[in-house]
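Trainee: Feature annotation from TrEMBL assigns repeat 'Hemopexin' to 40-80, 86-138, 139-183, 184-230, 246-290, 291-338.
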Amino acid sequence: LRLLSFNVHLTLTLTGPLDHDHNHHEDQAHHKANPDRCDGIEFDAIVPDENGHTFFFKGDHLWNGFKGPAQVSSAFFKELDNYHHLGHVDAAFRMHNKEKPEKHDHIYFFLDDKVFSYYNHSLEEGYPKDIQLDFPGVPSHVDAAVECPKGECNSDSVLFFKGEEVYNYDIATQSVKEKQWAHLPNCTSAFRWLEQYYCFHGHNFTRFHPVSGEVNGVYPKDSRHYFMSCPNFGHGGEANVPKCSEVTLDAITSDDSGKTYAFTGHNYMRLDTHRDGKHTFPIARTWKEVTNGVDAVFSYSDKIYIIKGDQVYIYKSAAPSTLIEGYPKSLNAELGIEGPVNAAFVCADHHIVHIIQGQKMLDIDLSATPRVVASEAPLPISGIEAGMCSRDGVKVYVGSEYYHYETPRLLAFSKMLQEPKTITPDMMRCVE
């Protein structure tokens, strides 16, 4: 989550300088002056809307996004003032329930013993309701709430926090499991961001596992270093976004769930998280056994294969990524080849991994035992550093350019070198 360079300063930009505004709203005389989140305040709730815009609530104000001044909450969710004049929300979360489109992506606000459901910033008909009508078994006056989709929790769920008590609410069955996470600070707000879970308390946050509550790493951390831009905090100024012509990749892959990862240097970037933005992280944050970069990465059968030197690391794709027991293994033992490997990719529903070494491509059947090279072909392109196969074909990357072929076979047997295409801002976080 730290602001880290992605190749040539391709950095995680959560924030910009906060535009402070301490004026009273003339048309909202009962509202207090705008609070400043850089003063080290404690948030009441944090929630994204259906478009991925994140709102931070404090009293009767909110911040729209990771930068910018505080604004009156009712300017965005006007019915909160119509029904409730305590000037705060207790908790909020964005529903994840694709089985019920009429509820999926709706924002739920909790105030005392009532729940409000919003979509497109409009209050849904029939709300507010008593909490027990929508969420039986969940207490009133909760401190925090956060959604937990299936795959990260055992089923689509919502975690509610009240003191040291945690209520795991199963959306489908409406059952509640109560537990205590006494080791976790009392959360006044909770936030799911890029499949990671954060408990906010005071001006700090602690990252936790949504099933066990386990905390790994050194916490708490000051949220002003990570979730907003504040003077004398963070890592200094605006991020330096590189030109697209300066971006190069070491590896790129898309797993079975559609998560797309691009690797360069010590860092990786998620490319599929358009609602949360494109951000960079150290590789070891997700695949902790892998340090100092990768040579090639491919996805197969709900697993991610990371090749580094003459070693192969295999991880379960589901979050959090877990190294398969017995790994890493040597390239020879796993794939029947010697290194180095420049790039690797597997096409969806296929069992062949295409390994690029220099200007040749080796095909290895992953369903066979032992694994051996089934075929070898020369390539029309030299200097390939990364490759990926997706619905629209195969892309192989050379520097800041890539070549697009409809199939691996066309890549291998094409007599004509295609015109290269350039990496664009839509693909990576870069500028032309």
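Backbone N, Cα and C define each Cβ position, glycine as well.
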Trainee: With DSSP as the yardstick, break the repeat 'Hemopexin' (184-230) down into helix, strand and coil residue counts.
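Mentor: Once the DSSP states are binned, the repeat 'Hemopexin' (184-230) shows 3 helix, 18 strand, 26 coil.
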Trainee: For a three-state summary based on DSSP, what are the helix, strand and coil counts in the repeat 'Hemopexin' (40-80)?
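Mentor: So the repeat 'Hemopexin' (40-80) is made up of 5 helix, 16 strand, 20 coil.
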Trainee: Please compute the mean pLDDT of the model over the repeat 'Hemopexin' (86-138).
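Mentor: Taking every residue of the repeat 'Hemopexin' (86-138) together, the mean pLDDT is 91.
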